[in-house]
Amino acid sequence: MSQWRGLLQEYKEFLPVTEETPLLTLGEGNTPLIPLENLSKEWGVKAYVKYEGANPTGSFKDRGMVMAVAKAKEEGSRTIICASTGNTSAAAAAYGARAGLRCIVVIPEGKIALGKLAQAVMYGAEVLEIKGNFDHALDIVRSISEKEPITLVNSVNPYRIEGQKTSAFEICDALGQAPDVLAIPVGNAGNITAYWKGFKEYHEKKGTGLPQMRGFEAEGAAAIVRNQVIEEPETIATAIRIGNPASWTYAVEAAAESNGKIDEVTDEEILAAYQLLAQKEGVFAEPASCASIAGLRKQIASGEIKKGSTVVCVLTGNGLKDPNTAMSTIDVNPAVLPNDEQAFLDHIKGGVPK
């Protein structure tokens with residue numbers, strides 16, 4: 001069995017890789033497509049999750065970042081910069097470290113999961129906090145990158161989209177064709193853009209078919225659904241707490257071209273899906289990821305997703321990215337028992353399986 005060589009080598013023919021592009025990798029890609037056996041029976045569909053939390057820094061951002069950082073290095077850049085709600089900063093810092101580049105990340109004040117911040121710090125990034133939200137941070141780093149010899153690695157960087165589209169290839173490779181529906185969280189909207197690009201390119205080359213693209217924003221940050229910029233977006237799903245998505249137009253096009261839809265889910269629906277996925281399937285994803293599961297559940301109930309459909313839900317990040325949400329949404333009160341085996345047996349026998 002040959003070792004996975006990373007995206008720049010495995011999907012070279014579909015990527016802007018030249019003889020001069022450094023073949024940077026941390027082993028990103030090749031993430032599992034997990035069938036949801038229990039929930040599929042309950043909902044009457046063939047549901048899978050594309051578990052992007054298995055990437056090196058724990059999120060889908062690694063796919064785009066390896067491409068963006070490799071091209072930055074190829075072009076002679078010495079510094080990369082990004083605005084981030086967390087996952088982008090972790091990926092940029094890791095691949096920046098691997099490539100030997102200086103990395104600067106700008107985060108919204110007090111609005112980032114600690115697991116993600118810890119990663120950026122450990123990888124050696126310079127972390128700056130802005131007194132504002134993600135959209136303010138992105139405005140500043142975009143402006144700086146236009147004036148200084150610093151490479152912006154947010155999803156407005158076209159190389160990010162190129163790397164992220166590879167997940168669509170992997171889904172088609174695993175299933176033998178595209179699913180009927182691709183359900184995906186929408187924050188800055190780069191990922192839905194990338195998946196649609198990937199499905200179209202693979203279909204053109206291999207005849208794998210095209211899915212409906214169904215994207216899900218959090219209700220408190222549903223700029224595309226409401227067709228207006230949300231000045232102060234708010235949601236428990238910090239990774240998609242974005243009120244002015246950079247790839248807004250492309251996301252709308254992806255939904256329209258594929259006969260899909262951009263929809264919204266509430267924080268309550270997201271948290272219910274977050275717990276359901278972990279407790280019914282043993283898959284722990286960060287809250288924002290579970291917008292795709294919440295959306296699937298919502299649209300099965302509404303009849304928009306038909307029974308019997310093959311659906312892939314993208315889980316964008318690992319649950320360990322945001323342990324605080326898990327601890328704050330579920331009561332953690334372990335029973336304290338004496339150091340006595342019989343006491344444990346009595347307790348266990350008295351318990352009723354969930």
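If you go along the chain as it appears here, the first residue is 1 and each next one adds 1.
From the backbone N, Cα and C atoms, a Cβ is placed for every residue, glycine too.
These figures come from a predicted structure and were not determined experimentally.
Checking the candidates THR266, THR310, THR316 against Swiss-Prot: the one annotated together with ASN87, GLY187, ASN188, ALA189, GLY190, ASN191 at the pyridoxal 5'-phosphate site is THR316. For the binding-site residues GLY187, ASN188, ALA189, a Cα-Cα cutoff of 10 angstroms around LYS61 (N6-(pyridoxal phosphate)lysine) retains nothing.
The secondary structure of GLY187 (pyridoxal 5'-phosphate binding site), as reduced to three states from DSSP, is coil rather than helix or strand.
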